Amino acid sequence: PFFVNRGGLPVDEPTWERMWRHVGRIHPEGDRVAQRIRGAADLPKIPIPSVPVFQPSTPIPERLEAVQRYIRELQYNHTGTQFFEIKKSRPLTGLMDLAKEMTKEALPIKCLEAVILGIYLTNNMTTLDRFPISFKSHFSGNYFRHIVLGVNFGGRYGALGISRREELMYKAPVFRTLSELIFDFEEAYRRCWHTLKKVKLGHCVSHDPHSVEQIEWKRSILDLDKLSREDFRKELERHARDMRLKIGKGTGPPSPTKDRKKDVSSPQRGQASPHRRNSRGDRRPSGEKKPADSKAMPDLNGYQIRV
């Protein structure tokens, strides 16, 4: 059913071509299977999940539940083929265009796509702070990576996302501190027989869908093998405090104007673009600060999801 367009709506040709090529590789008669599916006229229509629409009076927690239900209804992508190409170095406006495409095609998604979709669907919730949370875990000799969208409303923390595991996706905004939220994820990993190794925290994402800023994915990188339990908690709370201070000063989340977009269209090669100043050197591994440099954020298109 993953290879049938939901509700008979057309899907962009590049997406379909990737799916057919995948069928041809893994199935002994892949080409014939693809042709039979393409030529079939009696295939059942798969219902398209409805994008949630809210009344102004709808409370934020109810909106978050509706967004999470929509993400669930898209289903987790078990096919082995990633339908949407996400480059984490793209500006926010480009990622929001991709999220809009996700809602039109209504194909199954993985956790990074769910984070982009979660940002898109909560952009109008201006009292909600959103920030990425990445996890690296270890199980049976292998390392696994996962990502969710952390949220903060009224001083309470939660998360949106999708995973193969129920415990590693949605968290209602009921946690009093960021450390309580992360410890809850750590316990969920433990129940899945995984050992959590690293937690990477980004800064708050702008609510402006036309922002040309990049999402800051890894402001703090916390290595659990190098931090005591108490130091780990302190670093989590330090990151939460930094986010509050940045928002309180009116410096985040950033929303540059159209005039600023013109400035970054063709920067000089020898100069660092002001919109790429949040780079690897500005991250804080294991709770330690490093001076910022002007290196651009790397392209992480090969991000894989296995949890």
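Placement of Cβ uses the backbone N, Cα and C atoms for every residue, glycine included.
Predicted automatically and left uncurated, TrEMBL annotations should be read as such.
So that you can see what the record holds, here are the features copied from TrEMBL:
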- C111: active site (ACT_SITE)
- H146: active site (ACT_SITE)
- S163: active site (ACT_SITE)
- 279-293: compositional bias 'Basic and acidic residues' (COMPBIAS)
- 242-307: region 'Disordered' (REGION)
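Sequence features, as recorded in TrEMBL, placed on the structure.
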residue: C111; record: active site; Cβ neighbours (10 Å): 27
residue: H146; record: active site; Cβ neighbours (10 Å): 27
residue: S163; record: active site; Cβ neighbours (10 Å): 21
Pairwise Cα distance for C111 (active site)/S163 (active site) [Å, integer]: 6
